[in-house]
Amino acid sequence: MSSWSNQPAMDDYGLPSSNPYGNFTVVDMAPKDILHMIHPHWYQYPPMNPMMYPLLLIFMLFTGILCLAGNFVTIWVFMNTKSLRTPANLLVVNLAMSDFLMMFTMFPPMMVTCYYHTWTLGPTFCQVYAFLGNLCGCASIWTMVFITFDRYNVIVKGVAGEPLSTKKASLWILTIWVLSITWCIAPFFGWNRYVPEGNLTGCGTDYLSEDILSRSYLYDYSTWVYYLPLLPIYCYVSIIKAVAAHEKGMRDQAKKMGIKSLRNEEAQKTSAECRLAKIAMTTVALWFIAWTPYLLINWVGMFARSYLSPVYTIWGYVFAKANAVYNPIVYAISHPKYRAAMEKKLPCLSCKTESDDVSESASTTTSSAEEKAESA
């Protein structure tokens, strides 16, 4: 690292030999081959506290191992358990795959840059790194959108809704990846660009350039990849209303008949579907918690850049990377049939509880109904 950190790197690029913002800045730690990608805004900040890098490295090591292991197990269990190979669960597998790919491509480079305290992997890989991060994040959110639409179709529309088939689920997944690639490949063709973040340990979209072309990309990307996917909120409101009406009807009918409960096979099916909807809602909520900081960084960079320092830019992708860990944990804890399959295939990782027997019965009913719908 001493090869580029002992002298200001600006001299070799024809820039003023004296830094107007101070004797040594965070940019002076960067290799010369990426200086043309760094916005002048970052020249006014001193290097980050050296303790930030080992802390970030430890965090990435912890989340990287958890994410890769958790999502690999999720994919393996779903694909090797016949009762879990339903059209709806193809979306779950796609979600785990996008999370796995995100950490598989983000984790090793972050370890390297944290070790050297700056981006050392060259300008080309900086662009590839940012592209892959955006691509996997975009695929994750749109997968959650389609999972929500499927739950809405099953719970709110019921028998009136068209059952999800393998062909339709596959078409949805293809749409997700085509949409994601289309948006994320645009910066390679001049609509915005991928550049090093202010902390110089990662790369992302350019939110500091003031030209209309760069900003228009961020406006459109934010709309299609963040704001538009907020539509599932409407679906969840409808789901909650449908579940509340169903439960009230069950209680009223049981009261009239003088019995404790009307829970039968159909009611168990509805209960299992509602649990799956809660899982999806939790996962979507965690996704927005994870990606909102990065969105805020982009918008602050466009309209209030004076508040944006290199340290603040770390939190955006720290939260974003942590999102890839949430999903396998949510499904492992909340999906009865997944727990049952993991209990059988990987007893050392099981988390089965005493109440799982009843939940598993209800979940089996749901899966059977889905399989019948698929074959119809």
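Cβ coordinates come from backbone N, Cα and C, glycine included.
What Swiss-Prot lists as N6-(retinylidene)lysine is LYS321. DSSP assigns LYS321 (N6-(retinylidene)lysine) to a helix in the three-state reduction. Over all protein chains present, the Cβ of LYS321 (N6-(retinylidene)lysine) has 24 other Cβ atoms lying within 10 Å.
Among the features that Swiss-Prot reports, topological domain 'Extracellular' is placed at 1-52 (among others).
Across the topological domain 'Cytoplasmic' (78-89), DSSP classifies residues as 8 helix, 0 strand, 4 coil. What Swiss-Prot records for 78-89 (among others) is topological domain 'Cytoplasmic', and it gives a curator's inference as the kind of evidence.
Long-range contacts of the topological domain 'Extracellular' (113-126) within its own chain (CB-CB distance under 8 A, at least 6 residues past either end) are made by residues 1, 4-5, 29-31, 33-34, 36-37, 47, 50, 53-54, 56-57, 60, 194-196, 200-203. If you look up Swiss-Prot, you'll see 113-126 (among others) marked as topological domain 'Extracellular', on the strength of a curator's inference.
Here Swiss-Prot flags 150-168 (among others) as topological domain 'Cytoplasmic'.
The average pLDDT computed for the topological domain 'Extracellular' (190-216) is 94. Residues annotated as topological domain 'Extracellular' in Swiss-Prot: 190-216 (among others).
Residues or ranges marked as topological domain 'Cytoplasmic' in Swiss-Prot: 238-278 (among others).
For 301-311 (among others), the entry in Swiss-Prot reads topological domain 'Extracellular', with the evidence type a curator's inference. The list of residues near the topological domain 'Extracellular' (301-311) in space but at least 6 beyond its ends in sequence, with Cβ under 8 angstroms from a Cβ of it, reads 26, 41-42, 45, 48, 52, 197-200, 207-208, 215, 218.
Residues or ranges marked as topological domain 'Cytoplasmic' in Swiss-Prot: 334-376 (among others).
For the transmembrane segment (53-77), the list of distant contacts is 84, 92-93, 96-97, 99-100, 102-104, 107, 110-111, 114-115, 117, 201, 314, 318, 321-322, 324-325, 327-329, 331-332, 338, 341-342, 345-346, 349: same-chain residues at least six beyond its ends, Cβ to Cβ under 8 Å. What Swiss-Prot lists as transmembrane segment is 53-77 (among others).
According to Swiss-Prot, the transmembrane segment annotation covers 90-112 (among others).
Same-chain neighbours of the transmembrane segment (127-149): 88, 91-92, 94-95, 98-99, 101-102, 105-106, 109, 121, 172-173, 176-177, 179-181, 183-185, 187-188, 193-195, 202-205, 225-226, 229, 231-232, 235-236, 280-281, 283-284, 287, 291, 317, 320, 323-324, counting only residues six or more beyond its ends whose CB sits under 8 Å from a CB of the stretch. The transmembrane segment annotation in Swiss-Prot covers 127-149 (among others), and the record cites similarity to another entry as its basis.
Feature annotation from Swiss-Prot assigns transmembrane segment to 169-189 (among others). Listed as Cβ neighbours of the transmembrane segment (169-189) (distance under 8 Å, sequence separation of 6 or more from its ends, same chain) are residues 87-88, 90-91, 94, 127, 130-131, 134-135, 138-139, 142-143, 146, 205-206, 217, 221, 224-225.
Positions annotated as transmembrane segment by Swiss-Prot, on the basis of similarity to another entry: 217-237 (among others).
Marked as transmembrane segment by Swiss-Prot: 279-300 (among others).
What Swiss-Prot records for 312-333 (among others) is transmembrane segment.
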### Contact set, same chain, for the transmembrane segment (217-237): CB under 8 Å, 6 or more residues outside the stretch
137-138, 141-142, 144-145, 148-149, 151-152, 156, 179, 183, 186-187, 191-192, 205, 207, 277, 281, 284, 291, 295, 298-299, 302
### the topological domain 'Cytoplasmic' (150-168) - residue tally per DSSP class, helix then strand then coil
14 helix, 0 strand, 5 coil
### Task
Could you put numbers on the helix, strand and coil content of the topological domain 'Extracellular' (190-216), residue by residue per DSSP?
5 helix, 6 strand, 16 coil
### Query
What else in the chain is close to the topological domain 'Extracellular' (190-216), if you only count residues 6 or more beyond its ends and a Cβ gap under 8 Å?
26-27, 29-30, 34, 37-39, 41-42, 45, 48, 52-53, 56, 109-110, 113-114, 117-119, 126-127, 129-131, 133-134, 294, 297-299, 301-302, 305, 308-314, 316-317
